[in-house]
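Engineer: Attaching a single structure in structure tokens format; questions to follow.
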Amino acid sequence: MAANIHVGLCGSLQVGLVYMFNLIVGTGALTMPKAFATAGWLVSLVLLMFLGFMSYMTTTFVVEAMAAANAQLKWKRMEKHKDDEDEDSSSGVSDSDVLLQDGYERAETRPILSVQRRGSPNMFEITERVEMGQMASMFFNKGKLCVLCYLCTTFSFPAVGVNLFYFCIIIYLYGDLAIYAAAVPVSLVQVTCSATGNHSCSVGDGTKYNDTDKCWGPIRRIDAYRLYLAAFTLLLGPFTFFNVQKTKYLQIVTSLMRWIAFILMIILALIRISRGQAEGHPSMAQLSGIRNLFGVCVYSFMCQHSLPSLVTPISKKKHINKLVLLDYILILAFYSLLSFTAIYCFRNDSLMDMYTLNFTNCEIINVAFIRYFLGLFPVFTISTNFPIIAVTLRNNWKTLFHREGGTYPWVVDRIVFPAITLIPPVLVAFCTHDLESLVGITGAYAGNGIQYLIPAFLAYCSRKDAELVFGSGTLNKHRSPFHHSFWIVFVLIWGFSCFVFVTANIVLSESKL
């Protein structure tokens, strides 16, 4: 996940798609090889392709909703300007007050042909960045337009639709932080404990270590893990209490390191396979691994929440849906290449939760610098992203509880919100370092809501909203190729079915223990 991504002054579509590629291909990709091995190569490939298709579909839903939101903002600004001229009203009323509080009464009473003239294709041009939270406020609060929000208003909770969005994004960000907080100590333990004593260069040889095994002298591996977690929290946790700015060059360096690491891993695996040293014999299907694979794939295709920052700066958006499709095809090919080279290069039981750790073995690569670079790669990249995501989560908490015209006391603003942001994920990381499960659960629950349910509801509500304001004949120039209502119903059924499946699978798995 990235925050405040800008495509630059040119705003070319190609640059924007490169940013999208970098945004999607992140930490989740490092846990995908083990998930592939656990579920079987055929099941994994089919599910990866299907979930990639579903993610592309909901991406087009979000782009369509962004265009509808831009049209609403432009139309309401025109209405406000007209009313100011007619009524000579006070200029102290802000645009945001009008945009959020301006009801639909004028749209419903105005002659429909008059409204339709305003619904020109240029109205749907995406020129303003409208974040998903703002779109949720614009569309989900109109209960009569949306089934979900209608149910909310029936039970006297007019803002439940918006709150559900923030609930999903907050849980997802908590999962992100917990994964990051666990991944750094895990990598450090694997590298430093294996570089001492009798374990030198043996991380990737299939040896499985227990938490109670010794690391340094009397210090057990689990103790070393918690010491690293404490150090990680003390070093990076304080950034949660401040604003993180000017991270552009840091993010560029992080992206370069990520691509060097991924390319190195693929090349090293291919060299080992070409030399006949491959040890992997993956099965075709293991249904028991589908739950984690589903969560990992959803997490690995996540980009919907950052689309406004990616799409808005692009200058020419005419063919954006086609080029986003090309982006997804390339990402699908990359994930397949990374995972297949991994499962055929290494035995299933030797694949690590964090794939980079399989390359810290001297038998794989005898260059010490490359071994340590790959082994410590998650430490460098995650450490730069952790403060950004923590600040994003903190700001979402503030937005969720914000009331119009209200301000937070200093203690609440500077202490309470950062504390509730930082403490829960650190506690989760303290209790477990099972990265595959953390990624799987985060993707299967919060990721499911953000990637499937919220985009589908946004597309449905924004379409109804546009029909009411501009008339049924108005065409959104960025309409999704999947504009038939069948696709929205299909996504919603799929999303809710995934919730049920994952929950039932967890319950049944726990009952067998």
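Residue 1 is the first one shown; counting continues down the chain.
From the backbone N, Cα and C atoms, a Cβ is placed for every residue, glycine too.
Nobody curates TrEMBL annotations by hand; they come from automatic prediction.
Keep in mind that this is a model prediction, so the values were computed, not measured.
Annotations for this protein, taken from TrEMBL, read as follows:
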- 18-66: domain 'Amino acid transporter transmembrane' (DOMAIN)
- 228-505: domain 'Amino acid transporter transmembrane' (DOMAIN)
- 7-29: transmembrane segment (TRANSMEM)
- 41-68: transmembrane segment (TRANSMEM)
- 145-174: transmembrane segment (TRANSMEM)
- 225-244: transmembrane segment (TRANSMEM)
- 256-273: transmembrane segment (TRANSMEM)
- 293-311: transmembrane segment (TRANSMEM)
- 323-344: transmembrane segment (TRANSMEM)
- 364-393: transmembrane segment (TRANSMEM)
- 486-508: transmembrane segment (TRANSMEM)
Engineer: With DSSP as the yardstick, break the domain 'Amino acid transporter transmembrane' (18-66) down into helix, strand and coil residue counts.
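Structural biologist: Counts, helix then strand then coil: 46 helix, 0 strand, 3 coil.
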Engineer: Most CB pairs under 8 Å with the transmembrane segment (225-244): which of 41-68, 256-273, 323-344, 364-393?
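Structural biologist: Answer, by Cβ pair count: 364-393.
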Engineer: Counting Cβ pairs under 8 Å to the transmembrane segment (364-393), which of 256-273, 293-311, 323-344, 486-508 comes out on top?
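Structural biologist: Between the stretches 256-273, 293-311, 323-344, 486-508, 256-273 has the largest tally.
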Engineer: Out of 256-273, 293-311, 486-508, which stretch touches the transmembrane segment (323-344) the most, going by CB pairs under 8 Å?
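Structural biologist: Per the Cβ count, the answer is 256-273.
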